[in-house]
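What TrEMBL says about this protein:
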BINDING   LYS54, ASP313  FAD binding site
BINDING   GLY185, ALA186, GLY187, VAL188, ILE189, GLY190, VAL191, GLU192, GLU208, GLY272  NAD(+) binding site
DOMAIN    8-328  domain 'FAD/NAD(P)-binding'
DOMAIN    348-455  domain 'Pyridine nucleotide-disulphide oxidoreductase dimerisation'
Amino acid sequence: MEHTYDVDLAVIGSGPGGQKAAIMAAKLGKKVCVIDSKSMVGGVCVNTGTIPSKTLREAVLYLTGMDMRELYGASYRVKEEITISDLLARLQHVIGRETEVIRAQLQRNHIELIPGTASFLDPHTLSVDLEGQPSHRTLTAGVIVIATGTVPARPANVKFDGVRVLDSDQILAVDEVPGSMVVVGAGVIGVEYASMFAALGTRVTLVEKRDQMLDFCDPEIVESLKFHLRDHTMSFRFGEEVASVESSGGGTITTLASGKRIAAEVVMHSAGRQGNTTALDLERAGLEADKRGRLSVNEKYQTTVPHIYAVGDVIGFPALAATSMDQGRLAASHAFDEPVRDLQALQPIGIYTIPEISYCGKTEGELTRESVPFEVGISRYRELARGQIIGDSYGMLKLIVHADTREILGVHIFGTNATELVHIGQAIMGCGGTVDYLVDTVLNYPTLSEAYKVAALDVANKLRAVARLTSQMAAAEPSLR
Ligand SMILES: Cc1cc2nc3c(=O)[nH]c(=O)nc-3n(C[C@H](O)[C@H](O)[C@H](O)COP(=O)(O)OP(=O)(O)OC[C@H]3O[C@@H](n4cnc5c(N)ncnc54)[C@H](O)[C@@H]3O)c2cc1C
Ligand SMILES: NC(=O)c1ccc[n+]([C@@H]2O[C@H](COP(=O)([O-])OP(=O)(O)OC[C@H]3O[C@@H](n4cnc5c(N)ncnc54)[C@H](O)[C@@H]3O)[C@@H](O)[C@H]2O)c1
């Protein structure tokens, strides 16, 4: 017997994963609703995470005049005293516009946006705690997508007060640009915010329990970033765990397990996030989250209850906005029998530090461990005409190429536009392209894309040198033939 549900698909959470699941289902002619709190339309992505942090970064770059200092001198500033309201003005504008775009997209696809918090009553029934009303709404759905994202981890030894000791969702609520700051956790969030505050002139101490930061990136590029951050008076405390964080009206004290104590005006705690599943009453749906609040799914994004899918940060790695969107689209397609292809395995990583980092493919370390023979080509922005024009003398692009097949295996970029430029390498790699494609291709001049050509020629020169010497040696020593 066919069941009749109030909606074909109910999506819990309006972040990137939830939005795309909802729109895909609506495009397939399904009746869809999305549930989220009014103040969180667009999710963590638009309201507290990706978009605010990236907008803050642009505001910092513009107002500090940092990008222009190589051209106009070290004292160049657009504004002498940068206040939090200078920074927040741009933020509110972008968040407001982004939220409007999302609301309009949902509306024109006839998706109902229900303001409130959802929890399960049974595997097909949700209760929505309606915002601003004392009532609940109960609704049934044939398919449910959980896209509830994450919340910052808040360990008990850190006394969060929302004023001086903040998590990364609260950091934009500081009332002034702090003179000094401790950032706990050198994950992507910690390093991005640390670099922005350092650029604003805050004396930042970055504390990380591992011996290194961003250890998944190319070590040479991480070294370049550290050099820049030190130049902005940032100090690093690697291999140090935080034992406690306390605050008073006057400031904060961060005590490390090694016994060191660091005083600062503000502490931002960014040591991981956990799945936002506590309000869902998962057990009523027959589901269970792991100890970090995350749900496990199969390759079609189905939980252990097949008509309940989970996408986005709530399922863990890689926890990125772009991946979450595609997971949502794929989950809805699977649920409503729309044939789709799996995602390409090759995905870029973009880290919006100042300066920014981006890469795609393998690192030298990984390839060495896999015993893959490779050659490396490097291009430095300071040798590109565009690098001179924009005043970026530190940027670099590294191309890693298979020494025998000449396929491009990795591209690693540091400097202006790295997060955009990486897609050129990604596209060539995705099509199985070799370094010769770049050697034989004419690129616009003067551009930063030219870095690809320069690095490709560098690789080609090195490979030619090896080939020549090998054949000379073979000619001189017949036994090598
Ligand atoms: C500071 C920061 C910077 C980031 N920068 C980047 C970046 O530069 N690039 C990038 O790709 N990614 C970045 N990310 C990660 C990116 O924001 C996430 O990958 C993305 O937002 C995850 O999307 P999602 O679909 O899981 O939902 P989220 O955006 O996490 O949103 C989840 C939504 O679910 C809602 N919700 C939760 N529980 C319920 C409930 N019971 N009922 C109703 N609604 C509920 C919440 O209110 C929220 O709106 C960043 C994250 C942070 C924190
Ligand atoms: N540009 C981007 O793509 C971007 C930007 C920001 C966030 N994100 C996403 O958000 C996710 C969460 O980021 P995150 O930085 O919060 O998490 P994370 O888990 O990657 O980093 C947390 C860091 O804190 C350290 N740490 C934990 N406890 C500590 C302690 N007591 N003392 C000192 N250090 C400690 C950990 O070793 C780790 O390096 C990332 O995985 C990423 O996918 C992406």
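Any Cβ shown, glycine's included, is placed from N, Cα and C.
Keep in mind that TrEMBL annotations are predicted by a computer and have not been checked by a curator.
Of the chain residues outside the NAD(+) site list GLY185, ALA186, GLY187, VAL188, ILE189, GLY190, VAL191, GLU192, GLU208, GLY272, VAL183, ALA194, MET213, SER270, ALA271 have their Cβ within 8 Å of the site's Cβ mean position. Around GLY185 (NAD(+) binding site), taking its Cβ as the centre, 24 other Cβ atoms fall within 10 Å, counting all chains. The Cβ of GLU208 (NAD(+) binding site) lies under 8 Å from the Cβ of GLY185, ALA186, GLY190, PHE236, ARG237, PHE238, GLY239, GLU240, each of these being in the same chain and 6 or more residues away along the sequence. Across the structure, VAL191 (NAD(+) binding site) and ASP313 (FAD binding site) are spaced 19 Å apart at their Cα atoms.
In this model, the domain 'FAD/NAD(P)-binding' (8-328) carries an average pLDDT of 95. Among the binding-site residues LYS54, GLY185, GLY187, VAL191, residues whose Cβ is positioned under 6 Å from ligand 2 are identified as GLY185, GLY187. The local packing around GLY187 (NAD(+) binding site), expressed as other Cβ atoms within 10 Å of its Cβ over all shown chains, amounts to 16. Note on the binding-site residues ILE189, VAL191: the fewest other CB atoms within 10 A surround the CB of ILE189. The Cβ of LYS54 (FAD binding site) lies under 8 Å from the Cβ of TYR352, each on the same chain and at least six residues away in sequence. Whole-number maximum of the Cα to Cα distances across the NAD(+)-binding residues GLY185, ALA186, GLY187, VAL188, ILE189, GLY190, VAL191, GLU192, GLU208, GLY272: 14 angstrom. Remark: ASP313 (FAD binding site) has GLY15, GLY17, VAL44, GLY149, THR150, ARG273, GLY275, ALA319, SER324 as non-local neighbours, by Cβ distance under 8 Å and separation of at least 6 in sequence.
For ligand 1, the neighbouring binding-site residues among GLY185, GLY187, ILE189, VAL191, GLU208, ASP313 are ILE189, ASP313, by Cβ distance under 6 Å.
The secondary structure of LYS54 (FAD binding site), as reduced to three states from DSSP, is helical.
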